[in-house]
There are 2 protein chains.
Amino acid sequence: MADAPVVRPTPISGFPEWLPDVRMVELRWLDTIRATFERYGFCSVETPSVEALDALMAKGETSQEVYTLRRLQAEDDGDSSRLGLHFDLTVPFARYVAAHFNDLVFPFKRYQIQRVWRGERPQEGRFREFTQCDIDVINIDQVPLHFDAELPRIVHEVLTTLGVPAWTLNINNRKVLQGFYEGLGIGDPLAVIRAADKIDKIGSAGVEALLTGPVGLTADQARACLDLAHVRGSDSGVVEAVGRLGAKSDLLTEGLDELARVLDDLADLPPGSVVADLSIARGLDYYTGTVYEAKFVDAPGYGSICSGGRYDDLAGTFIRRHLPGVGISIGLTRIFAKLVADGLVGGGPASPAQVLVVIPSDERRADALATARQLRARGLNVETYHQADKLAKQIRYASRKGIGHVWFPPFGDDRPHEVKNMATGEQNPADPAVWSPAS
Amino acid sequence: MADAPVVRPTPISGFPEWLPDVRMVELRWLDTIRATFERYGFCSVETPSVEALDALMAKGETSQEVYTLRRLQAEDDGDSSRLGLHFDLTVPFARYVAAHFNDLVFPFKRYQIQRVWRGERPQEGRFREFTQCDIDVINIDQVPLHFDAELPRIVHEVLTTLGVPAWTLNINNRKVLQGFYEGLGIGDPLAVIRAADKIDKIGSAGVEALLTGPVGLTADQARACLDLAHVRGSDSGVVEAVGRLGAKSDLLTEGLDELARVLDDLADLPPGSVVADLSIARGLDYYTGTVYEAKFVDAPGYGSICSGGRYDDLAGTFIRRHLPGVGISIGLTRIFAKLVADGLVGGGPASPAQVLVVIPSDERRADALATARQLRARGLNVETYHQADKLAKQIRYASRKGIGHVWFPPFGDDRPHEVKNMATGEQNPADPAVWSPAS
């Protein structure tokens with residue numbers, strides 16, 4: 001018996017971890033995401049978990065709760081204390097591109113699947129450590145608009161393959177918002193965007209009060225802004241609907257043209273999966289064209305599960321090159337944790353093994369090991385139960401781990417190899433040179 | 001042109017990151033390691049990057065330089081300051097097993113591939129952030145000795161598949177060391193182990209001076225200890241060689257028996273890959289039987305590239321259950337970084353794309369996109385060059401990224417699909433419904 005424990009193994013709030021059956025599903029998700037990103041030619045990049053604090057803070061993102069590092073035993077910790085855990089994958093990507101600019105081929109298309117950290121108060125859907133899956137296309141001076149459509153297509157393929165419950169990817173274009181407000185003769189479009197962005201929280205009446213109050217619009221202007229925020233649709237009907245609202249400006253025309261072209265590129269996707277929503281703003285100071293935001297249809301209040309958009313300048317903080325791009329991020333942990341909480345994930349196998357080779361007696365150990373080796377050489381995942389315990393105990397072990405087949409090594413010349421299918425209970429002779437789990 | 005940069009994108013010493021071509025190889029390595037672990041039936045576990053500080057410190061591992069977290073903007077940071085980044089995967093695994101004890105099936109076999117952090121001064125082979133690949137088998141009360149042989153077999157398979165340059169996995173057994181010294185009538189075996197462990201650094205003469213000096217052995221005892229440390233071999237000849245050194249004790253007999261059985265289980269591996277080395281001690285206070293340590297044959301001074309062993313009690317700090325086990329850890333970053341530094345990795349493709357579909361003109365864009373979609377549906381990794389640039393520029397892009405094939409969409413009825421093999425320069429008609437990169 002071990003000594004009395006000295007530390008309680010309490011989980012830390014906001015830092016999720018999964019049991020093996022759930023982790024097996026998460027691994028499949030990660031495989032699917034990576035395979036889809038690679039099928040579109042994106043390459044993998046990983047950056048360190050930390051960045052210099054001045055790099056993390058360069059854009060003045062003080063709204064993010066950054067974790068800084070400190071060496072436990074350091075007396076003068078001048079060095080480590082200037083390091084912080086990254087709070088997203090955009091800042092590290094920008095620093096990476098600047099650091100390796102001359103070694104990269106442009107247009108540069110990368111995916112990055114990593115944990116990020118935020119010292120926030122944990123709540124539903126908000127974690128302090130979570131995994132983001134980002135793709136971005138950047139180029140020197142310009143990136144074709146077709147990528148603005150390719151990214152939602154990739155996300156659609158990922159979420160559909162994963163079987164994520166009903167979701168909508170909303171698209172907008174920042175030029176439409178800004179151009180529309182300018183067309184109404186509004187002097188401070190950003191103030192309107194900021195107010196309109198609260199429509200989910202305070203409702204139309206609340207936004208209208210903000211617009212006619214602090215923002216200083218006329219009643220007609222405020223009404224037109226609210227009308228814009230209510231425009232939704234999947235095709236060029238959206239452009240016509242906005243046109244009927246009366247505002248006119250070159251920027252609005254340009255934005256509507258971009259939005260229509262992106263929707264047109266995506267016209268083959270199932271209805272409702274990608275929808276133009278003229279109320280979406282996102283990232284006030286960063287995005288300059290297309291913006292994305294995905295939510296669960298049945299739980300819009302759970303928050304954004306994917307987001308991104310087009311930006312003019314990825315890495316100006318770090319390098320004197322003009323690098324526009326477009327990117328989107330899938331909030332893996334946020335999506336996955338919801339499905340776990342809703343009981344939609346888990347309960348499957350807790351082991352990757354397809355076969356458990358039992359050891360009926362020590363005399364048959366050599367045969368058992370040889371069988372396992374033969375099956376593994378054929379690419380099968382095979383576990384050996386290394387102890388000649390009672391067979392019932394070994395079989396029960398396979399059952400509890402969800403291992404689909406139990407293999408009995410041969411016994412002299414009389415009894416050949418046999419395999420028990422744990423789902424059906426059937427036990428039949430089998431040849432380790434050709435047997436497969438599907439057979 | 002972007003504004004003047006405000007932050008230099010300097011890499012942070014001890015936190016490695018790779019260019020895309022090197023990262024592609026690292027991903028293949030990770031895939032190989034995971035697939036091999038799973039082929040032996042180990043399940044994946046991931047734990048948070050942080051643990052409570054009292055959990056990290058429970059075993060008094062004050063020799064590790066732990067990074068603690070601090071929220072940048074927190075006033076009262078009582079909470080976060082009790083969190084530290086894990087410095088290995090053993091403590092988190094022990095805490096995980098204790099936290100989820102009732103939900104796990106024993107024997108529990110897990111692999112864990114994650115980054116760990118140590119606030120050490122970076123030097124060759126030593127990083128502040130690096131990836132470890134651990135496998136452990138634990139059970140309630142006892143774990144069959146056969147696992148002590150299965151783990152080196154798995155490591156052998158991994159390193160061989162990866163093509164890691166010549167390495168040796170050294171094995172010893174702590175019972176042999178302790179039993180041998182006891183058999184010589186030495187009162188403080190740990191002091192001898194500690195001194196003998198320095199043989200790589202201070203040589204035989206240095207160790208002998210320590211043993212006859214501070215440790216207080218007679219010249220004969222010291223000579224016998226050094227003789228033991230020089231015993232190496234791959235089979236039961238090792239047992240005979242130790243026997244000839246004169247020491248006798250029950251613990252020695254037990255340890256030699258275990259060592260011989262492990263070597264016997266591994267007798268089919270190529271000579272030199274697994275070698276008993278009676279000088280190996282490792283982890284003074286933790287390991288109790290078999291111990292492992294792998295090194296590069298041509299660079300033994302680079303340090304250990306794999307290590308592990310058998311322990312009596314994994315999680316006694318956290319739970320009142322007796323959980324013995326055996327585990328081994330592959331130092332992925334340490335191995336990989338050496339190969340990168342030696343120029344053995346990199347220079348290959350910088351993209352996972354197998355095909356670049358070019359867009360010869362905007363009129364042919366729809367055909368190009370349809371072709372890319374058809375190829376992707378067949379599981380191929382396909383990039384679309386979304387801009388109707390000059391063909392030479394598009395082809396040069398494929399060449400610079402190491403994309404093996406360039407696809408030309410059809411042009412009316414006259415010109416069918418054509419594919420250019422970038423390695424041979426040949427260009428031939430091709431059918432997107434059946435073409436494969438190997439054809």
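Each Cβ is built from the backbone N, Cα and C atoms, and glycine gets one as well.
Whatever TrEMBL says is automated annotation, not expert-curated.
The feature L-histidine binding site is assigned by TrEMBL to B:ASP88, B:LEU89, B:THR90, B:ARG118, B:GLN132, B:ASP136, B:ARG282, B:TYR286, B:TYR287. Marked as domain 'Aminoacyl-transfer RNA synthetases class-II family profile' by TrEMBL: B:33-360. Marked as region 'Disordered' by TrEMBL: B:417-439.
Structural mapping of features recorded in TrEMBL.
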{"residue": "B:ASP88", "record": "L-histidine binding site", "DSSP class": "coil"}
{"residue": "B:GLN132", "record": "L-histidine binding site", "DSSP class": "strand"}
{"residue": "B:ARG282", "record": "L-histidine binding site", "DSSP class": "coil"}
{"residue": "B:TYR287", "record": "L-histidine binding site", "DSSP class": "strand"}
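The C-beta environment of B:ARG282 (L-histidine binding site), restricted to residues of the same chain at least 6 apart in sequence and closer than 8 Å, consists of B:VAL291, B:TYR292, B:GLU293, B:SER307, B:GLY309.
The local packing around B:GLN132 (L-histidine binding site), expressed as other Cβ atoms within 10 Å of its Cβ over all shown chains, amounts to 20. Computed over the domain 'Aminoacyl-transfer RNA synthetases class-II family profile' (B:33-360), the whole-number mean pLDDT of the model equals 92. There are 22 other CB atoms within 10 A of the CB of B:TYR287 (L-histidine binding site), with all protein chains counted. Every protein chain considered, the tally of other Cβ atoms within 10 Å of the Cβ of B:ASP88 (L-histidine binding site) stands at 17.
Note: the region 'Disordered' (B:417-439) comprises 0 helix, 7 strand, 16 coil (DSSP; helix = H, G, I, strand = E, B). For B:THR90 (L-histidine binding site), the Cβ neighbour count at a 10 Å cut-off comes to 25, with all displayed protein chains included.
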